[in-house]
Each structure stands twice: as structure tokens, then as C-alpha cells.
Amino acid sequence: MADAATISKLEEGFKKLQGATDCKDVFDQLKQTDKHPNKDFGDVNQFVNVDPDGKFVISTRVRLIDDHFLFKEGDRFLQAANACRYWPSGRGIFHNDKKIISMQMGGDLGQVYRRLVSAVNEIEKRVPFSHHDRLGFLTFCPTNLGTTVRASVHIKLPKXEKLEEVAGKYSLQVRGTRGEHTEAEGGVYDISNKRRMGLTEFQAVKEMQDGILELIKIEKEMQ
């Protein structure tokens, strides 16, 4: 469980977001009694190699907690979490080598996911993660509250004309080749699950898998 001070800061930031006019449509749907689902990695065998022929997916990665080691002033989510107070004074980073990331070349999402689940379960036997019944797993960046899971692929889709349409249908986030705020180079995109909160870890990764399979299907039809 998280300590009281951490919860207090999160609640304070949450109230600021509730009062933001550009967030009204989202927060009107939220209830104080809502709870984030319990951790559930589901049936790991339901995840497959999304690109067995190796024609589209360059690499696959599933990780807990987006890196966010450095950030710029002005992000409304970070401001709401009080991460930009006294800017630019007091900036510092404590960064160790404990990253929980499972990554490999190719599209074998099943193998990547199973390895991550195994690692997380072993780590939790010794070091419990901070968790809140309503907010899920707690991280510094409020956009990652909930499962904190980001499952992504680097995928080549030079002909995909329905990329944004499919991304919206499957709650996918489309980034450029080198991540957020970059362009796609040679038709290569970084595509990941968008939703973190209000669903299980299994559901988050399953959304990504279903969306990627649909994108590959459309790309093949265009060839």
C-alpha cells in the first residue's frame, strides 16, 4: 500500500484535473466510488506472434511504467501532479538500473509478455509495488496510473491508410519512429496501448494485440 502523503498528493492533483475545463467531458464520467480492477495478467497463452513471417514488426516491448526520466515544463498532467513546482529550480534525477522491460526483435508478443509476467511476479515476492484501490499502481506520471503497462511494437506500415481509424477503434497510441513528437521514418511507427486505467493488464495488452493484427491484415490487403 502507498503511504498517506503520496495518496494526499495524488488526490490533490486529481482535484485540479477535475476542475480543468478541458477535462470536463472525461471527469463527468468518473465516480469517486470507482475502483481500478485487481491485477490480472490473464492467460498468457492467448498472446501470439503477431508477425510470424517477420515482414512488418521490427521489435516488440512490454514494460511497466513509461520512462519519463526527463520532462518539459507545460505538460498539464505533470503540472496537476505538482511535478513542475518551483520550475526550473530543484530539478534532479535519481536513476538506477532497475527497469522492468521485456523486449526483443520480431513480433512474438506472447514470448515477450510471458517473460514480463514471470519477472514481475518474482520481483513482487521481495519488493511490493505501491498500489491504490481506486488509482491502481502508483507512478510519478499520472498518465500511467492504473496498470502502468505500455505494450508497444515498432512496425512498418508504409501503405496503411486507415491507421488512425484502427488506432481509435482499438485504443492504440501512434507515435513516430523515435517515440512521442517524432515523425515516422520509412513508414515505421511506434504503436502501443493507450489505456492504462480501468482495465486489467491482460486487457490492455490484448487491445494492443488485436489492433496490431488488424493493422497487419489491412497492410497485406493493400499490397
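Using the three backbone atoms N, Cα and C, a Cβ is placed for every residue, glycine included.
These features come from Swiss-Prot:
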- 59-63, H68, 150-154, 175-180: ATP binding site (BINDING)
- C141, E180: L-arginine binding site (BINDING)
- 56-222: domain 'Phosphagen kinase C-terminal' (DOMAIN)
**Request:** Report the member of G176, G179 (the binding-site residues) whose C-beta atom has the most other C-beta atoms within 10 angstroms.
**Result:** G176
**E180 (L-arginine binding site) to R150 (ATP binding site) - Cα separation in whole Å** = 13
**Message:** What whole-number Å value do you get for the CA-CA distance of G176 (ATP binding site) and C141 (L-arginine binding site)?
**Reply:** 21
**Asked** Considering the binding-site residues C141, V153, which residue's Cβ sits among the greatest number of other Cβ atoms within 10 Å?
**Response** V153
**Prompt:** Where does C141 (L-arginine binding site) sit in the DSSP three-state scheme?
**Reply:** coil
**Request:** Pick out which of the binding-site residues S59, V62, R150, E180 has the most other Cβ atoms within 10 Å of its own Cβ.
**Result:** V62
**Request:** Express the distance between the Cα positions of R150 (ATP binding site) and C141 (L-arginine binding site) as a whole number of Å.
**Result:** 13
**Request:** Could you tell me the mean pLDDT over the domain 'Phosphagen kinase C-terminal' (56-222), as a whole number?
**Result:** 84
**Three-state secondary structure, E180 (L-arginine binding site) (per DSSP)** = coil
**Complete:** Here the Cα-Cα span from S59 (ATP binding site) to C141 (L-arginine binding site), rounded to a whole number of angstrom, reaches 25
